[in-house]
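Asks: These came from Swiss-Prot, pasted as-is:
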TOPO_DOM  1-6  topological domain 'Lumenal'
TRANSMEM  7-27  transmembrane segment
TOPO_DOM  28-43  topological domain 'Cytoplasmic'
TRANSMEM  44-64  transmembrane segment
TOPO_DOM  65-103  topological domain 'Lumenal'
TRANSMEM  104-124  transmembrane segment
TOPO_DOM  125-240  topological domain 'Cytoplasmic'
COILED    166-232  coiled coil
MOTIF     237-240  motif 'Di-lysine motif'
Amino acid sequence: MTIQWAAVASFLYAEIGLILLFCLPFIPPQRWQKIFSFSVWGKIASFWNKAFLTIIILLIILFLDAVREVRKYSSTNVVEKNSAIRPSAFEHTQMKLFRSQRNLYISGFSLFFWLVLRRLVTLITQLAKEIANKGVLKIQAENTNKAAKKFMEENEKLKLGLRNDNAEEHLLEAENKKLIESKENLKTELKKASDALLKAQNDVMTMKIQSERLSKEYDRLLKEHSELQNRLEKEKKKGL
């Protein structure tokens, strides 16, 4: 195995190890998010993007080269030509075909796992953010529920107070009705008393008029009696 393919194979093994490490169930996404949030990653972010694209290009080139080698050594004409020249050429061609196929698988899976690794890191980051947002939303929901319960309790208190106010209002209305009825009764009684007083005043005036008439009649009769008495006395004196 040449140095370049040994490096690609080592890169493939490292990718497999990282993918298995990311898939461990006892390491939560929040822990990976903290690791990804180190300041060193921010400093090499621009370099990392360039390196990512460079590695993809190199792996694509190696993959295409491996495809070319596989097609080259898989050709029937090449195998027959080598077999006709040297008897051991067939085994040599098959060995090169095996190496080409191995290199094809190494470069292909390295390219595939490299893309999977990038996507896996993105998904872990998004999952950690979603979990954090879920925690924040859970806290907000709990606070909202507490506030809603508090508002409901205050609403019940207000309803109870309103009911008490309504009861007091009904009592006040009943008392007001009673007072109005008492007022009407007092007005009726006052009117009756006023009518009775007016009638009594009229009776007094009538009696006063009658008394004056009787007094005048009495004075007239008394005057006539005096005159008659004087006449009688005068007649008695004349008869003597």
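Cβ atoms here come from the backbone N, Cα and C positions, even for glycine.
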Asks: Across the topological domain 'Cytoplasmic' (125-240), what are the DSSP residue counts per state (helix, strand, coil)?
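Replies: Each residue of the topological domain 'Cytoplasmic' (125-240) counted once, the result is 115 helix, 0 strand, 1 coil.
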Asks: So what's near the transmembrane segment (104-124) in sequence-distant terms, Cβ-Cβ under 8 Å and 6+ beyond its ends?
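Replies: Residues packing against the transmembrane segment (104-124) from afar: 5, 8-9, 11-12, 15-16, 18-19, 22, 29, 32-33, 36, 52, 55-56, 59-60, 62-63, 65-67, 69-70.
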Asks: How about long-range neighbours of the topological domain 'Cytoplasmic' (28-43): same chain, 6 or more residues beyond its ends, C-beta under 8 Å?
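Replies: Apart from its flanks, the topological domain 'Cytoplasmic' (28-43) reaches 22, 121, 124-125, 127-129, 131-132.
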Asks: Counting by DSSP secondary structure, give me helix, strand and coil numbers for the topological domain 'Cytoplasmic' (28-43).
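Replies: For the topological domain 'Cytoplasmic' (28-43), the helix, strand and coil counts are 13 helix, 0 strand, 3 coil.
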Asks: Return the average pLDDT for the topological domain 'Lumenal' (65-103) as a whole number.
Replies: 72
